[in-house]
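Chemist: Below is one structure. I have some questions about it.
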Amino acid sequence: MNSDFPIPTLRPGSAGLQIEDVPLAAIAERFGTPTYVYSRAALEQAFDAYRDALAGRRALVCYAVKANSNLGVLAVFAKLGAGFDIVSGGELSRVLAAGGDPGKVVFSGVGKSAGEMRQALAAGIRCFNVESEAELERLDMLAGELGTRAPIALRVNPDVDPKTHPYISTGLKNNKFGVAFDTALALYRRAAGMANVRISGIACHIGSQLLDSGPIAEAAEKVLGLVDELAAEGIHLDHIDLGGGLGIRYRDEAPPSVAAYLAPLLRLLDGRSEELCFEPGRSLIGNAGLLLTRIEYLKPGAERNFAIVDAAMNDLARPALYDAYHEAVAVAPRDVPERNYEIVGPICESGDFLAHDRPLAVAAGDLVALLSAGAYGMAMSSNYNTRPRAAEVIVDGSRMHLVRQRETVESLYALESPLP
Ligand SMILES: *Cc1c(COP(=O)(O)O)cnc(C)c1O
């Protein structure tokens with residue numbers, strides 16, 4: 001059996017695949033399927049890779065909450081001393097509920113509402129990553145009303161091509177993120193004149209699932225040039241935030257290690273005093289998680305065989321949305337010939353597939369694990385077709401913690417009412 005899984009803590013055991021010391025079959029038995037399963041040890045290993053690579057330098061790793069916002073996951077990172085990159089007031093509430101430190105929270109996003117800004121100012125977050133002049137003006141006004149000063153960084157758009165999927169590329173001139181690079185200087189000058197903002201740093205984030213550090217190093221060089229221009233005008237920044245984006249292996253991608261990804265950036269920043277921040281999401285959680293599902297039916301066909309499973313595109317949208325690849329493995333392969341299957345869910349859409357043309361030695365009723373599903377899996381799930389969302393479990397050694405109960409159908413329409 002192939003034990004070269006992208007999930008470092010997944011391995012074959014006597015009762016089929018296990019994550020850490022817990023057989024996946026035991027999780028299915030106890031909590032049902034579909035269920036998202038995360039490994040605490042894998043989360044910690046991923047975080048330690050950043051911590052080790054940044055050792056000896058003033059640095060803050062802010063987990064990008066949108067990748068997976070489960071309170072259990074956030075609590076693991078909070079205990080490790082992580083900061084958090086949030087994109088909504090809702091995410092701020094989650095971070096606080098999980099015991100995260102508001103003083104290590106950075107707030108990204110192009111559309112922060114007045115309510116979200118007030119909430120974040122009251123919580124005392126570390127920094128607002130401001131993405132437009134209008135946002136800066138609103139923040140200055142609201143901070144003034146609250147009698148406080150808002151710490152800010154401008155998120156600049158360095159106009160480099162991250163060479164990734166167009167939907168997850170964010171650093172090109174023609175997309176909605178950040179302020180155009182050549183207008184940043186003028187906007188910093190404006191911010192410096194505002195009574196209720198305090199300039200703290202500069203930020204950029206060029207895209208996701210980056211498979212080499214060339215583009216981010218190019219962006220960093222541009223950003224450093226701007227930092228020096230600002231310093232020459234007496235505007236001194238305390239931190240440089242280079243965003244998230246490091247990719248992971250789903251299939252046969254060969255992303256650099258965290259250390260190799262950061263090496264050229266650390267070289268560029270060598271000898272500089274600014275604190276260095278990162279906002280990784282996928283690379284901290286993607287390969288710490290899987291989606292466990294059970295085969296309802298096998299449906300052989302003339303051209304294609306279907307394995308119809310109890311998870312669907314509402315649980316894991318990435319295949320339908322980006323044509324993304326997730327490794328699909330039988331939890332306990334049988335002694336039958338392998339066949340190639342289309343792995344599909346029960347939803348009434350042809351786009352409802354989880355994997356194409358995968359060899360599996362399975363029978364109806366067997367468990368299948370879709371790997372590398374920790375990031376943008378549960379976080380992007382929905383209730384389409386009135387399907388209760390999956391349960392979530394964190395495995396820690398030989399223990400399993402249910403960190404989100406499976407939704408009940410009643411809860412899905414609890415806020416609705418028929419007409420009288
Ligand atoms: C999505 C996002 C991240 C995290 O990206 P990953 O590819 O998951 O590491 C970080 N910062 C910002 C501003 C984002 O929008």
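Every residue, even glycine, has its Cβ placed from backbone N, Cα and C.
What TrEMBL records for 36-374 is domain 'Orn/DAP/Arg decarboxylase 2 C-terminal'. If you look up TrEMBL, you'll see 41-284 marked as domain 'Orn/DAP/Arg decarboxylase 2 N-terminal'. If you look up TrEMBL, you'll see Lys66 marked as N6-(pyridoxal phosphate)lysine. Positions annotated as pyridoxal 5'-phosphate binding site by TrEMBL: Gly245, Glu279, Pro280, Gly281, Arg282, Tyr376. Taken from TrEMBL, the feature substrate binding site covers Arg282, Arg318, Tyr322, Glu349, Tyr376. Per TrEMBL, active site, proton donor is recorded for Cys348.
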Chemist: Within 10 Å of each Cβ, count the other Cβ atoms and name the one among the recorded positions Lys66, Arg282, Arg318 with the highest count.
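Modeler: The residue with the densest Cβ neighbourhood is Arg282.
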Chemist: Cα distance, Gly245 (pyridoxal 5'-phosphate binding site) to Lys66 (N6-(pyridoxal phosphate)lysine), nearest Å?
Modeler: 13
Chemist: Give the distance between the Cα atoms of Gly281 (pyridoxal 5'-phosphate binding site) and Arg318 (substrate binding site), rounded to the nearest whole Å.
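Modeler: Gly281 (pyridoxal 5'-phosphate binding site) to Arg318 (substrate binding site), Cα-Cα distance: 15 Å.
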Chemist: Just the recorded positions from Arg318, Tyr322, Cys348, Glu349, Tyr376 whose C-beta lies under 6 Å from any atom of ligand 1, please, or none if there are none.
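Modeler: With ligand 1 as the reference and 6 Å as the Cβ limit, the list is empty: none.
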Chemist: Restricting to the chain of the residue listed as 'active site, proton donor' and a gap of 6 or more, list residues whose Cβ falls under 8 Å of its Cβ, or answer none.
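Modeler: Once residues fewer than 6 apart are set aside, the residue listed as 'active site, proton donor' is near Asn385.
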Chemist: Gly281 (pyridoxal 5'-phosphate binding site) has how many other Cβ neighbours within 10 Å of its own Cβ?
Modeler: 24
Chemist: Among the binding-site residues Tyr322, Tyr376, whose Cβ has the fewest other Cβ atoms within 10 Å?
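Modeler: Among the binding-site residues Tyr322, Tyr376, the sparsest Cβ neighbourhood within 10 Å belongs to Tyr322.
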Chemist: At a 10 Å cut-off from the C-beta of Pro280 (pyridoxal 5'-phosphate binding site), count the other C-beta atoms across all protein chains.
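Modeler: Other Cβ atoms found within 10 Å: 26.
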